[in-house]
Amino acid sequence: MAADGGSSSLVLPCAFSPKSHQYLALCAQDGRLRIWNTDSKTLNQEYVPSAHLSATCTCIAWGPCRTAKEGPQRKKRKSEATQVAERPDLLALGRGHSGGVHSVRWHPVEALLYSGSEDTHIVEWDLQTGKTRCKWKADRGPVTSLCVSPDGRLLLSAGQTIKMWDLETKEVYRRFTGHSTAVTTLCFATTRPPDSDGLYFLSGAAHDRLLSVWQVRSDGKDKNSVVSFTLTDEPQHIDLISSDSKEEAVRLAVVCKDGQLHLFEHFLNGPCKKPLSPSCSVQVSGVGAKGSEGDTPVPVPLLAAALGSDKQGLSLAYGHHLQPVIERVVLNTAERHVCLVRDVQATLTLSMDTTVSKVKTPVVNASVKVLAPGLPGHRAPLKAGPVESQKRKPDSGTKEMSIEERLGEIDLSTARGGKKGQKAALSLQTDSYAVLLVQGLESKDNQILNKVFQTRKEALIKNTVARLPIPAVLPLVEELTKRIQGHPYTAVLLVRWLKAVLLLHTSYLSTLPDLVSQLGVLYHMIEGRVKMLHKLTRLHGKLYLLMSQVAAGESVHRVTDVDHTAKLVYEEESSDEEEGSGDEGIPEEDSDNWEEEEGMEDEASNKEVKAEEGEDEEMNEESKEVNGDSDLEPENESEEE
């Protein structure tokens, strides 16, 4: 049974079929539920959300196989003699929850099914009618886990607290508290009746590295867990072989979130103070990159495990949810730690000879030119001609064309003919561009994408983006974001495509719930380049100023030789010439007269110099008398006194 709901679970559900472990039910990241055959290691059945499931699976539970109703007997063939009468049923249930389903459990005896949901309710389903039989509120919060007792009388539910319900009266039988987070695992460990103090069950919670074991006592003093099993991480998958008596030990296999498997074996007979460590821990490692000295081991996560009938037998599923590796191993449980080295890639590799391909290569005549596969609604212009029904003859000039040859036939260049030819080529080319762009995005062919992104016409870009299907818009934005981070020349061309996408498909992008994470890289890149624009502008201005000064300095020619000759002489007429012109009739004086006059002037100047010297001497004598200085001797001075 696979349940689906509106809320998706972080843990992908997986479970082995009970008893024989012949099948493995696994839900992958793509939302598909796959049933693998553990004997042949092949895919047995696949359920797709769009065709079989109404939503992504959130929990899986294997139910008991019921015998089909016997009809009129007929004689069986020899090939049908070995078929098994028991077949699993596929059920379709109605709506009973208003929230996502977290857990489903089958009733071991009756045709009943129990489901716990996000809406805090438990629903009891009648499998014969496919309708709800009973519905009641179980907790204040979501019901995260359920478990039905082996005798079918009690039901465990976990929300904020663990409650045990009496299925006949739908009343609470016991309450258990001890987990601070949501309980994700509930499982009965014994098949004893609750009145004998021998009924035990275990529980595991999110972000908890312990598995707690609870005892249902007749006196009601069962508020605390009696045994704890230590783990390395949060438990994700549990397989348990219950005990029927005190002398039989409980065997437990727990797969943790870190991908390790822990095996426990314990006799449940009262409380145990110390937490129990695993008797054996199993881890799978693959072969990594090859080095010069040896291979580097890489841990491979375990997905699920199932205990066999013997103590050493074990069924393991490891690897990836899309293609798991299923193996049955025999372990030496005497060792505390076991590491299984497996080459996962070599195990999953399929030879090309054994694989069967359903893709048929079309046979194309040599005279036919393949343009491009069309989008829905696209019709290429066809030439009307006589239709002749001809049968294909073998080896009649036909050949198979590969995808590379067909892509080579596609002509992306615009026609350089007249206006009519250009318009016809443009309409066909726009449609071809949209087809090629979708093909390039799906196949991630850089050659096709480069040819499409090299166009510079705005109208062609807008028409191509407008014709894109909605699922191709987000891959186109991611491809443009990756390419814009490259060379600036290519970024100039790709910005036009990004502008067209944002203008034409903004309404679709705004409806995406994770739009921030999808466009975060583009936003940070644009913001980083805008921040650098101011700095680059300042640097450009400084470099331009420097280069202009250097150019101006080189253009100035230095003056080496100065030419003293006058290039232009301007003579102004003076008044002296006019006066000279009136004295032309006066006779000139002799040169002797000029000499006598010069001699007289010299004598007069000498007399003036002597007179000035005499005056200077008189002034010096007067100053000496005033200061009391004289040329007389001191004796003469006394005589005078």
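Heads up, the Cβ atoms here are built off N, Cα and C, so glycines get one too.
Keep in mind that TrEMBL annotations are predicted by a computer and have not been checked by a curator.
Per TrEMBL, these features apply:
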REPEAT    94-135  repeat 'WD'
REGION    377-403  region 'Disordered'
COMPBIAS  389-403  compositional bias 'Basic and acidic residues'
DOMAIN    445-547  domain 'Small-subunit processome Utp12'
REGION    570-641  region 'Disordered'
COMPBIAS  571-603  compositional bias 'Acidic residues'
COMPBIAS  628-641  compositional bias 'Acidic residues'
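For the domain 'Small-subunit processome Utp12' (445-547), DSSP puts the residue distribution at 86 helix, 0 strand, 17 coil. The repeat 'WD' (94-135) scores a mean pLDDT of 88 in the predicted structure. Residues in the repeat 'WD' (94-135) partition by DSSP class (helix H, G, I; strand E, B; coil) as 0 helix, 23 strand, 19 coil.
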